[in-house]
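To keep things clear, I will list the structure first and then write my remarks on it.
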2 protein chains.
Amino acid sequence: MDFASFLTSLATSFILFVVLMLLFTWLSRKPGNKEVYYPNRILRGLDPWEGGSGRTRNPFAWIREALSSSEQDVIAMSGVDTAVYFVFLSTVLGILVLSGVVLLPVLLPVAATDNFMKSSNDTSKGTFNDLDKLSMGHIEEKSPRLWAFLIATYWVSFVAYYLLWKAYNHVSDLRAAALMSPEVRPEQYSILVRDIPPPPEGQTRKEQVDSYFKAIYPDTYYKSMVVTNNKKVNKIWEDLEGYKKKLAHAEAVYAESKKTGKPEGTKPTNKTGFLGLLGEKVDSIEYYNQKINESVSKLEAEQKVTLGEKQQASALVFFTSRVAAASAAQSLHAQLVDTWTVMDAPEARQLIWPNLPKNFYERQIRQILVYVIVALTILFYMIPIGLVSAVTTLANLKKILPFIKPIANIVAIKTVLEAYLPQIALIIFLALLPKFLLFLSKEEGIPSESHAQRAASGKYFYFSVFNVFIGVTVGGTLFDSLKEIEKDPKSIVDILATSLPANATFFLTFVALKFFVGYGLELSRLVPLIIYHLKRKYLCKTEDELKAAWTPGDLGLATRVPSDLLVITIVLCYSIIAPIIIPFGALYFAIGWLALKVYVPSYESYGKMWPHIHTRLVAALVLFQVTMFGYCGIKKFYYTPLIVPLPILSLIFAFFCSKKFYRFFQATALEVACRELKETPNMEQVFRSYIPPSLNAEKVDEDQFEDAASQVSRSQSFV
Amino acid sequence: MDFASFLTSLATSFILFVVLMLLFTWLSRKPGNKEVYYPNRILRGLDPWEGGSGRTRNPFAWIREALSSSEQDVIAMSGVDTAVYFVFLSTVLGILVLSGVVLLPVLLPVAATDNFMKSSNDTSKGTFNDLDKLSMGHIEEKSPRLWAFLIATYWVSFVAYYLLWKAYNHVSDLRAAALMSPEVRPEQYSILVRDIPPPPEGQTRKEQVDSYFKAIYPDTYYKSMVVTNNKKVNKIWEDLEGYKKKLAHAEAVYAESKKTGKPEGTKPTNKTGFLGLLGEKVDSIEYYNQKINESVSKLEAEQKVTLGEKQQASALVFFTSRVAAASAAQSLHAQLVDTWTVMDAPEARQLIWPNLPKNFYERQIRQILVYVIVALTILFYMIPIGLVSAVTTLANLKKILPFIKPIANIVAIKTVLEAYLPQIALIIFLALLPKFLLFLSKEEGIPSESHAQRAASGKYFYFSVFNVFIGVTVGGTLFDSLKEIEKDPKSIVDILATSLPANATFFLTFVALKFFVGYGLELSRLVPLIIYHLKRKYLCKTEDELKAAWTPGDLGLATRVPSDLLVITIVLCYSIIAPIIIPFGALYFAIGWLALKVYVPSYESYGKMWPHIHTRLVAALVLFQVTMFGYCGIKKFYYTPLIVPLPILSLIFAFFCSKKFYRFFQATALEVACRELKETPNMEQVFRSYIPPSLNAEKVDEDQFEDAASQVSRSQSFV
């Protein structure tokens, strides 16, 4: 790729971005779109337009609002996890800005004024381009100018240490503030107990759990909820909810038909067979009413069976004080460490019930299996990605598909294709993966959604770094110069050295594309807008259906964080080799900061994502430092070993941070949990918040729920 | 070493053993020696002679008693740690016996009847000897007979897994039983808090600690004891105790002189200068009385200063219930993980006070430094040991010291020298190290004596394995055949293969020597007996002095365990290569079981030694399996890769054991701590048991101790 195609790519993305922003400005002022653009405000019952006095909203006011809204507002609106993500973005932005203000004015002139490449490459094949003049590749071997690059490595590292340290401290405070809040949060009063041994003869699970914890915590133990196998009851409940929705839909259709058609209306009908396409034609309202009645009685029967007979080796245990729960979640309870294992209870909404009763060793084995599968995925995706990045250069395409030659020779198309082809292939490729990784993470037996997301995020990060960053760099190079390596295997080092600056342009474009097109699409919310209007027009009949159509999704941190981490890894690694990448990276993280107002987080883990992010940022830093060591070595710089202390320093930094902060992210510190509350918690409410909806039908009142469990327990103990 | 010298060595050690045992029989029957032979019984106020009816004790009755005394007796007499050591001995004995009963009848005939060596070595230099006929080295390459050795490897491994598993389970039960005992043990009511941050303005340490824990544990918090810098007060107290002892001694001398000499007696005198050799001559009784008075007032003043002004960043915190203390010791207390770190309080008697206030990071740095020093020690001791083992073969000695040639040529002396020289050098060498390692371990900042002993034991084990086992095997070989390796570096593998069976004889003798002479000396207790009688005759004048002279020492697990582990490592590694080593190993561990009755353990860690032992036993097993893999490979056995699953299985076994049992050895399980007590604990007594003797003078009564601390605190807070 030469300088022209890079500029073209930049220009086209920028134009696309401007168009999307204009669209956004226009669309977001239309009242009919307010649900898509301001869902968060509507969900909270606020007026979507700031001023409220009939004035249509200025989109820049929205940006101003985003900039001016304090962290406390973010936490109040979207929770600690979102605030932590903002800390991540601003920390990375800080690193890039502080690095950029020193590196750009210093390193670019230092590189551009060196005349090594000019003299030595005059006779070469002209692969050298204007962009590369601004990179470290332009510096002569052994040149004293390399000192500037070495010192810059130190500068970037120390900026990163300082800001990461501050961020960890800050996130720890955010977490502490949330955990010591005077509000009652049910998850702070409960612990999750797993690996309960088989109950002794003549005792039910519930009696076993109750007597066990009552003996240890005579004063603070409240109640337990034994985890049950809800597969069947959930199925019935989902069917019931489905019928209810369909009934509401059918009634809305009927009501509408009264208004538009005959005054008595047309009763909607449906077929009972496969997908509503086959079978008998029936009156929908009657049919669904009957189905609902059937399901309700089936549900009640199944609820009793589930509560009584499907108790499993796991339980939620509730305490009357936060300190007792926090302390219990950290203490070893049983002499045999693999029984009665305890942990902080996750929020009720993010519990993965089917995973709770999984045995300790089953979890271990599942984890190992999943790791093996992920490792295989990472390794074997490398081959296709390597091929994609090697094949989708225009020169290669022309060789392989000769019929595109005439088209590809038109200058405009050629430049656009050259600029975008490999990047688009890569981005589509990566979009397929996250769901698979999340599925695998859940299969590990992880008990909570947020933990599974973190696990998936970690896997996705390793995948990205290995396949996109290392895969593209080495893969592209290998393909280009396989023959050279065949002749002399040692030349691989030199090839890597030349390939790093060459790939800089690729990754520069990659970052720019992610920024302009990715964020442009996200900010404009074109896709959700179109889907919403289509649904509103043709599908949604009831209020609930409409709300479901515009309610925004989760932040999706499981994919967002690793792809951001990939960008910062790339930007860091190239920050010295080709400092021109820094402004693009900085823009990427600056805009990311604005784009998140519309999401509603679907869980709260009180910032447990941060240590995960922190570790990977430090890993990116180490990769950067090692890369710089290698690259300085290739430049035959005499003082290259001076970089060696840096990776060591990074490891010490990581160790230090982990020792100072990490355990607080695994467990709740007691000094935090012992803060006073606004009111005495309503323990019954805390307890009930954990009853899954399928077991919590309106008809079954509190006493019955308790009774059902105890009655069946008692009757069982006589069997 | 040939077969004759091996037999000589065996015979001489055996004779020595018999002589020592006869001595023991004779000496232990003399009433004047009862304190040395039955100190445990006397300390507990029991009659040293079993029957008690004037009958002199039969030494074999003692053995019978040792065999018949149950584990409960051992725990009652000497605590859980001693019982755990017995479990270790019996487990290892079990492994060796179960291996031996299969391996000896099978492998010895298989090896002896192979005629490979005979035919191929007829022409060699005659290095081959009768003993080697019974070893695996005698098997032909690629012989199908190697199957027997491969299967034997599996047999030994599975026997070890089974018995180690049972032992871990058993030790865990022992620990649980001790921790759930209805007796009040002060250490179960207290936790050790370290890394306390600087107290806020206007608060003393004590107020800070009290308010912090009162907020978290309003119901179960009892009191705290801030750790003070006791260096000065300890010095004064030790001086005082010294003067008291000297006064008692002087009075005893005076009383004796009245009886033996003039009726008015001779007043003892001493010189006040350096070591009592220089300076003014004074009346001892008067002088020491004066000194005592001086010290008492100095001590009282210093106690006040210490309690008030020398409070440091560490404290012992007491709770009114075992569960509260056990749970507090495991919970994270502070948001910043490196402050308010907590752990189970060790017993008062084994606290290392100067280490308690050491900062978290200081501990880390000290640990790293100590590890570096230990690693250097391990590596650089290898050179002298290698030299010792290479030089102290008689042939080498004759070369280096030609003047011993005439002596060394006398057959009897030659054989004895050949048999013992290298082993004695090695044993003396190893005796110098443990104190140094214990010192280093304490320098790490470890808070308790038993933990420091474990740490020292680990270091000593690594040292032993690296230097004795690997060092001697490779070192001896390297020296013998350095020239061959110079010619062809690849020959090192073959040299190793031949050196393993050659060194078998060395280690066989080593084990036999340790067994016959080491245990012979220990059982007969000749050294303590001689020292006791010398002291009784010439030094001891008072009852206290006499008691100090016969009171037996600690078990010395810090050196005993690693040297036993070294023996089992050696025996395991040679168990298949030269199965004849097994009976010697079995005897070693069988006798070790008998030899421990006379020691009084100086601390109790409730079996925390076991995971340490277990890990190293598994490590020895892995070393054995890897050795077998290497050796089968050298024998060019086609099915050698079948051994590969074994080390993997060992690692899985270690992982499984650690997951099932380990954490209970780090912390007290709450289900154990919640057992009922015989009586409500006297918390004041629990608290006072932790006051160091130097701060606990008789004159300062309970209220005063409290008052002193609080008064000074209050007055300080106004400064």
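Each residue, glycine too, has its Cβ placed from N, Cα and C.
Automated prediction, rather than curation, is the source of TrEMBL annotations.
The annotation domain 'CSC1/OSCA1-like N-terminal transmembrane' is assigned in TrEMBL to A:5-166.
Here TrEMBL flags A:6-27 (among others) as transmembrane segment.
Positions annotated as transmembrane segment by TrEMBL: A:83-108 (among others). Here the transmembrane segment (A:83-108) has Cβ contacts under 8 Å with residues 71, 74-75, 134, 136, 148-149, 152, 155-156, 159-160, 163-164, 166-167, 170-171, 174, 555, 557, 560-561, 564, 568, 571-572, 575-576, 579-580, 582-583, 585-586, 589-590, 592-593, 596, 607, 609-610, 613, 617 of the same chain, all six or more residues outside its ends.
What TrEMBL records for A:146-165 (among others) is transmembrane segment.
Taken from TrEMBL, the feature domain 'CSC1/OSCA1-like cytosolic' applies to A:188-355.
If you look up TrEMBL, you'll see A:366-631 marked as domain 'CSC1/OSCA1-like 7TM region'.
What TrEMBL records for A:368-391 (among others) is transmembrane segment.
According to TrEMBL, the feature transmembrane segment maps to A:420-440 (among others).
According to TrEMBL, the feature transmembrane segment maps to A:460-479 (among others).
Annotation source TrEMBL lists transmembrane segment at A:499-521 (among others).
According to TrEMBL, the transmembrane segment annotation covers A:565-593 (among others).
Look at TrEMBL and you will find A:613-631 (among others) tagged as transmembrane segment.
Residues 142, 146-147, 150, 153-154, 157, 161, 164-165, 615, 618, 621-622, 625-626, 628-629, 632 of the same chain lie 6 or more positions beyond the ends of the transmembrane segment (A:638-656) yet place their CB under 8 Å from a CB of it. Per TrEMBL, transmembrane segment is recorded for A:638-656 (among others).
Beyond the ends of the transmembrane segment (A:565-593), by six or more residues, the same chain brings 66, 86, 89-90, 92-93, 95-97, 99-100, 103-104, 107-108, 131-132, 134-137, 149, 152-153, 156, 160, 461, 464-465, 468-469, 500-501, 504, 507-508, 510-512, 514-515, 519, 523, 613, 616-617, 620-621, 623-624, 627-628, 631 to within a C-beta distance below 8 angstroms of the stretch. Most Cβ pairs under 8 Å with the transmembrane segment (A:6-27) belong to A:499-521, among the candidate stretches A:146-165, A:499-521, A:613-631. Long-range contacts of the transmembrane segment (A:613-631) within the same chain: residues 84, 88, 91-92, 136, 149-150, 153, 156-157, 160, 164, 167-168, 458, 461, 465, 496-497, 500, 561, 565, 568-569, 572-573, 575-577, 640, 643-644, 646-647, 650-651, 653-654, 657-658, each at least 6 residues beyond the stretch ends and with a Cβ under 8 Å from a Cβ of the stretch. Per-residue confidence over the domain 'CSC1/OSCA1-like 7TM region' (A:366-631) averages out at a pLDDT of 75.
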